[in-house]
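Encoded as structure tokens, the structure appears first; notes follow it.
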Amino acid sequence: MQFQTIAAIATPLGTAGISVIRVSGDEAISKVNQIFKGKNLNKVKSHTIHYGHILNEDGSILDEVMISVFIAPKSFTKEDVVEISTHGGILITQKVLERILETGIELAQPGEFSKRAFLNGRIDLVQAEAIMDIIHATNENAIKVANKALNKATSSMIDNLKSKVLTLIAQIEVNIDYPEYDDAIIMSKELIYPRVNDLLDEINDILTKSKRTQYIREGVKTVIVGRPNVGKSSLLNALLNEERAIVSDIAGTTRDTIDAFVNLDGVTLQLIDTAGIRDALDTIEKIGVDRSRKAIHEAELVLLVLDLSQKLTKEDEMLLTLTEHKNRIIIGNKKDLPSYLEIDTNVQISTLEKEGLSVLESEILKTLKLDNLVDKDFNYLSNVRHIQKLKEAKTSLESVINAIHHDMPVDIYAVDLTTAWNRLGEILGNHQYGDLLTELFSKFCLGK
């Protein structure tokens, strides 16, 4: 593909040792050479670095620089690329960029370098999204997941599914179009059914395991619930190790939901401390209680706090019922006091004495199936778009199974199989994708 040569600052603006300006395109080397005093860049080898100066229009020195040259196709974009390391001040970096643009080079749009890498075949769409995930990662495991995708572990998994679906389509099409072909396998429903079923089993396994990688990438919506004054806010503060929520002996002091984030052994929890659920005494508290119910409904993990020093109350029983079908950990707080609670808890802690918190953290990872992670656990899908497309492919394969059950013609199967194949291709970006690229790459920073 032929594109205009583009440039942008690739490092954050600010005072630093250096800033880097990236230039990519057919004229990258020749245009930069026009304003560079040093070696003739048109004659240097790829992957070399050169000292010199960027010159003003009148020939005076604008800045002392180091220039890295990457000749196509051995660059990130598969185009000629020049990276100019300038001094790291805001003004000087902007001035050097302006000087580059004066040569006729265009200012890059956000994400345009990564977009070119995709369009030129350097990376697929999954890898492009992985670059953004690395930039925005909030924990070490999220970086591991993104690096797996960047190194094609995810792409290979989807390619394998695509290949199996395509083989099935091809064999069915041969039966339809060339029934006289002696070597063609006769694709009866008895032969098609188990192969589609195997594909569905494989997809279901990927979706199940992808829930864990999605937790790692995006964090886990975790709601702390309990009746008033059982220690919810104290638990939040203990996990955060800071006074984030209001802690008081007065029932109902947390009148709204409070959000905070904590990194727990490579997994980010979005902690939501809710208002205690009871019969609210005023309008403001009622709003907080209503939001608590909504938070429970939307939560991926519920930390239900009970008071070990008191017997089970009506409010406790209501919360146990309200959360029984959720991913839930029942926590007994105030283990430093005599216990009167009649039911078993998963974990016993004392937020006052800071006891049992490490046990709780281990229980959280175990409940989310994020304990004892091994290298292959980071291979699965974590991106919402990928998971949605895989679910759509699954739906199409289920339509094939349904068509078989209703004894429909074999050519009907090919239609749904083709849809499944297209949905898998959309994950990688090698099928039709409309405005997806513009939307996706616009989320990148300029120098990417």
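Glycine residues also receive a Cβ, built from the backbone N, Cα and C atoms like all the rest.
Remember, predicted model here, so these are calculated numbers, not experimental data.
Secondary structure at Glu83 ((6S)-5-formyl-5,6,7,8-tetrahydrofolate binding site), taken from DSSP and collapsed to helix, strand or coil, is strand. Residues or ranges marked as (6S)-5-formyl-5,6,7,8-tetrahydrofolate binding site in Swiss-Prot: Arg22, Glu83, Arg122, Lys448.
Annotation comment: Swiss-Prot describes 219-369 as domain 'TrmE-type G'.
Residues annotated as GTP binding site in Swiss-Prot: 229-234, 248-254, 273-276. Ser233 (Mg(2+) binding site) falls within a helical segment according to DSSP. Within 10 Å of the C-beta atom of Ser233 (Mg(2+) binding site) sit 25 other C-beta atoms, taking all shown protein chains into account.
What Swiss-Prot records for Asn229, Ser248, Ile250, Thr253 is K(+) binding site, and it gives sequence analysis as the kind of evidence.
The Mg(2+) binding site annotation in Swiss-Prot covers Ser233, Thr254.
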| field | Cβ packing number for Glu83 ((6S)-5-formyl-5,6,7,8-tetrahydrofolate binding site), 10 Å threshold | value | 21
| For Arg22 ((6S)-5-formyl-5,6,7,8-tetrahydrofolate binding site), the three-state class that DSSP assigns | strand
| message | For the domain 'TrmE-type G' (219-369), report the average pLDDT of the model, please. | response | 81
| query | Hey, how far is Lys232 (GTP binding site) from Arg122 ((6S)-5-formyl-5,6,7,8-tetrahydrofolate binding site), Cα to Cα, in Å? | reply | 50
| said: For each of Arg22, Arg122, Lys232, count the other CB atoms within 10 A of its CB; which of these binding-site residues has the top count? | reply: Lys232
